[in-house]
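Per TrEMBL, these features apply:
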| type | residues | note |
| --- | --- | --- |
| DOMAIN | 7-154 | domain 'Lactate/malate dehydrogenase N-terminal' |
| BINDING | GLY12, ALA13, ALA14, GLY15, GLN16, ILE17, GLY18, ASP43, ASN106, VAL130, GLY131, ASN132 | NAD(+) binding site |
| BINDING | ARG93, ARG99, ASN132, ARG164 | substrate binding site |
| DOMAIN | 158-330 | domain 'Lactate/malate dehydrogenase C-terminal' |
| ACT_SITE | HIS189 | active site, proton acceptor |
Amino acid sequence: IMAAPLRVLVTGAAGQIGYSIVLQIAKGDVFGKDTPIVLVLLDIPPMAPVLEGVQFELIDCALANLNGVEAVTNEKDAFTNIDYAFLVGAMPRKEGMERKDLLAANVRIFKSQGKALADYAKPTTKVIVVGNPANTNAFICAKYAAGKIPARNFSAMTRLDHNRASAQVALKAGVTVGNVKNVIIWGNHSSTQFPDVRHAKVTKGGAEVDAYTAVGDAAWLQSGFISTVQKRGGVIIERRKLSSAMSAAKAACDHIHDWYRGTTAGQWVSMAVPSDGSYGIPEGLIFSFPVTIANGDWKIVQGLDLDDFSKQKIALTTKELEEERDEALAACESDSKQ
């Protein structure tokens, strides 16, 4: 007997990242080839014709496990009875825009979507926030869905940074990326994030060694490597004149794939999740940690030793996240008064 299809929502589905995500979900890269899917595509009303074009293309892909595609422009239809939500749609930062203006615009979107999750979604719904500032958007969304959906079911995407870090280590060590495991992204999905390879392992020449040994360039690992990963998104915008879409979509799919299927024994991935106080990170802050996943539930990897260099980097990204959270909460307050 075929299981009931999973209802999977993608917001901002008429945009670039949405366009790259929906095919990966529909063809089984995320939930498996045998899992029936109903895709729900949400975008703003002016994008309705584009959304319909994406819907037609998905139908034309003739995918056996795609049981339906719904193109919608309102939150009630989008969020009703969904199992998973990829929250991609957000206000992009435009030239000359202050970060706080961006934050205020996005607070409104994610507050509204948090309420829609509480009103219409299943209490078991799992949410990944891709739209930036992702950590803080996830924090606000979880706040307004509280009471219905537990905070543990909200996460923000740092898997793109994790993938970028793994790929850089592989290039430098002269191996393929499948031979690199356990890099970590700590903190915010922003230029303050800390890509950490002190605990990473690389299989090289048939033996598993630590990343420092495999790369053989400690100075690069503590400077050039970190800034390459932190600034990679900006470099891609400069070259492509558009933001990362293909790699962001792949990372969002990796994130949910592992949340659904679990991580491999002895390996962890980076996910921005609500802090439980681990590593001294304030409770409730949506912070990227190394996590292992089993039976759909993530656990922060405990007991990793942090040197002074790591502690300084983690303190910087924590401070930025606390400031963002406070600004977002203030924006929610002023929004409520209007």
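Yeah, the Cβs are placed from backbone N, Cα and C, and that goes for glycine too.
Here the features listed in TrEMBL are painted onto the structure.
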residue : record                 : Cβ neighbours (10 Å)
GLY12   : NAD(+) binding site    : 24
ALA14   : NAD(+) binding site    : 25
GLN16   : NAD(+) binding site    : 16
GLY18   : NAD(+) binding site    : 26
ARG93   : substrate binding site : 17
ARG99   : substrate binding site : 13
ASN106  : NAD(+) binding site    : 26
GLY131  : NAD(+) binding site    : 25
ASN132  : substrate binding site : 21
ARG164  : substrate binding site : 21
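In this structure, the CA atom of ARG93 (substrate binding site) is 17 Å away from the CA atom of GLY18 (NAD(+) binding site). Annotation for HIS189 (active site, proton acceptor): spatial neighbours ASN132, PRO133, ALA134, ASN135, ALA156, MET157, THR158, LEU160, ASP161, ALA272, SER288, criterion Cβ-Cβ under 8 Å with sequence separation of six or more. Taking the C-alpha positions, the distance from GLY18 (NAD(+) binding site) to ARG164 (substrate binding site) comes to 20 Å. Secondary structure counts, DSSP: the domain 'Lactate/malate dehydrogenase N-terminal' (7-154) has 69 helix, 27 strand, 52 coil. Here the Cα atom of GLY12 (NAD(+) binding site) is found 23 Å from that of ARG164 (substrate binding site).
Across the structure, ARG99 (substrate binding site) and GLN16 (NAD(+) binding site) are spaced 22 Å apart at their Cα atoms.
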